[in-house]
Amino acid sequence: MRSWPAPEVPNLPEAGLPGPALPLHLHDTATGTVRPTRPGPTARMYVCGITPYDATHLGHAATYLAFDLVNRVWRDGGHKVCYVQNVTDVDDPLLERAEQTGQDWRELADREIALFRDDMTALRILPPDHYVGAVEAIPLIVEMIERLRSRGAVYEVNGDLYFPISADPDFGRVSGLTTEQMLPLFAERGGDPQRRGKKDPLDALLWRAQRPGEPSWESPFGPGRPGWHVECSAISIHHLGMAFDVEGGGSDLAFPHHEMSASHAQVATGRHPHAKAYVHTGMVGLDGQKMSKSLGNLVFVSRLRADGADPMAVRLALLAHHYRSDWEWTGEDLPRATARLERWRAAVQLPAGPPAAAVAAEVRRHLSQDLDAPSALVTVDRWAEQALAGAGERDPAAPAQVRAVVDALLGVAL
């Protein structure tokens, strides 16, 4: 599947701003601690993508922006990055929306994926190296289920195939939840704990046998379509192998999605862990509730753009909140970010400004500490204020260098 065009990223050492390669520290849900990432020459990251029936709301945008920062910090540190993102282009919510609106599910998915690409391009999100739809990955998914079956980790309930969580001794490590905590979340987030015939209420669907009126694909275990969690297991290990550096997504994916996909991969390969770190973004709310498709309380990037918002102001509005925080979008976020963007743009157009080396060092330091983007923005604010006031030492190279820092590390074009 085609992703979207990559924005050019300035090379800061070439711009005269070399700096120590600070190790990126991220909060790992599995351990509950902020730990250094220690990638090899090529950092490997998998981020769960959209189910394309309502793209792109600000909750989506905040998540992909957070992992865009991860990508940029690693690249600034001299790493190559192999970034994989999926698209769940066949799943119950998509099929239900298509039926409700009288659309062909493929046309709905194609339209929403195209809109998502446009939004990611406008927000200057670095594209994944592998952008993989569930439909195109069905051969990989079938192979994964066959591997699980060869290890005795598949059973049937009325033609549907399930994964027994008892097959993975590490089940529960990703989320750290108890069974009592898992059960209601499993029911709320696409699971079927009440289904009769399952060995454990938490066992996850691997393959849904063909139903009338639903799309299906041939497989060694009969026509049907894949479950949600095994999709990401198959795609991630095919492109990244096991023990890749970061698996990411919204905090509502920690359980069951990341928990289940890790167990599938670990049992299928006999290796642990699926990912070295599980990194999750907070929820963006509106009117006191999480912004979500099911609730319908969505603010869309495309609507903000259509109403005249500068995409860089939208990006700054999101960067002003720490990626792990739960926060509420209000009518003040965008005007505040627009004013900040205008100040920064005015400052970098000056013939000289305070030296940029300290700005680069501070922004790098803040981002290395669990992506503290809000503090990084304050660093640039201080420089812009001093530059506009004509205060302190003046360096004619500084405005262009600060523009490069803001572009390379924060992804904001000034």
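From the backbone N, Cα and C atoms, a Cβ is placed for every residue, glycine too.
Annotation source Swiss-Prot lists L-cysteinyl-5'-AMP binding site at Cys48, Gly49, Ile50, Thr51, Thr63, Asn86, Val87, Thr88, Trp228, Gly250, Ser251, Asp252, Val284. According to Swiss-Prot, the feature Zn(2+) binding site maps to Cys48, Cys232, His257. Among the features that Swiss-Prot reports, compositional bias 'Low complexity' is placed at 11-38. The region 'Disordered' feature in Swiss-Prot is assigned to 1-38. Sequence annotations record features per position, and here Swiss-Prot assigns motif ''HIGH' region' to 50-60. The motif ''ERGGDP' region' annotation in Swiss-Prot covers 188-193, and the record cites sequence analysis as its basis. Under the heading motif ''KMSKS' region', Swiss-Prot lists 290-294.
Everything Swiss-Prot records as a feature, shown here on the structure.
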{"residue": "Cys48", "record": "L-cysteinyl-5'-AMP binding site", "DSSP class": "coil"}
{"residue": "Thr63", "record": "L-cysteinyl-5'-AMP binding site", "DSSP class": "helix"}
{"residue": "Val87", "record": "L-cysteinyl-5'-AMP binding site", "DSSP class": "strand"}
{"residue": "Trp228", "record": "L-cysteinyl-5'-AMP binding site", "DSSP class": "helix"}
{"residue": "Ser251", "record": "L-cysteinyl-5'-AMP binding site", "DSSP class": "helix"}
{"residue": "His257", "record": "Zn(2+) binding site", "DSSP class": "helix"}
{"residue": "Val284", "record": "L-cysteinyl-5'-AMP binding site", "DSSP class": "strand"}
Those binding-site residues listed as Thr63, Ser251, and which of them has the most Cβ atoms within 10 Å of its own Cβ: Thr63
C-beta crowding around Val87 (L-cysteinyl-5'-AMP binding site), within 10 angstroms: 26
Non-local residues, at least 6 beyond the ends, that sit with Cβ under 8 Å of the motif ''ERGGDP' region' (188-193): 92, 201-202, 204-205, 228, 252, 255-257
Overall pLDDT of the motif ''KMSKS' region' (290-294), taken as the mean: 65
Cα distance (Å, whole number) from His257 (Zn(2+) binding site) to Trp228 (L-cysteinyl-5'-AMP binding site): 8
Cys48, Cys232 as binding-site residues, winner by CB count within 10 A: Cys232
Cα separation, Ile50 (L-cysteinyl-5'-AMP binding site) to Cys232 (Zn(2+) binding site) (Å, whole number): 12
Secondary structure composition of the motif ''ERGGDP' region' (188-193) [DSSP: H/G/I, E/B, coil]: 1 helix, 0 strand, 5 coil
Cα-to-Cα gap, Val87 (L-cysteinyl-5'-AMP binding site) vs His257 (Zn(2+) binding site), nearest whole Å: 14
Residues that sit under 8 angstroms from His257 (Zn(2+) binding site) by C-beta distance, when 6+ apart in the chain: Cys48, Arg189, Trp228, His229, Cys232, Gly249
Intrachain C-beta neighbours of Ile50 (L-cysteinyl-5'-AMP binding site), sequence separation six or more, cut-off 8 angstroms: Thr56, His60, Val87, Thr88, Glu112, Ile113, Phe116
8 Å Cβ shell about Cys48, Cys232, His257 centroid, Zn(2+) site members excluded: Asn86, Trp228, His229, Glu231, Glu247, Gly249, Leu253, His258, Ser261
Cβ atoms near Trp228 (L-cysteinyl-5'-AMP binding site) (within 10 Å, other residues, all chains): 25
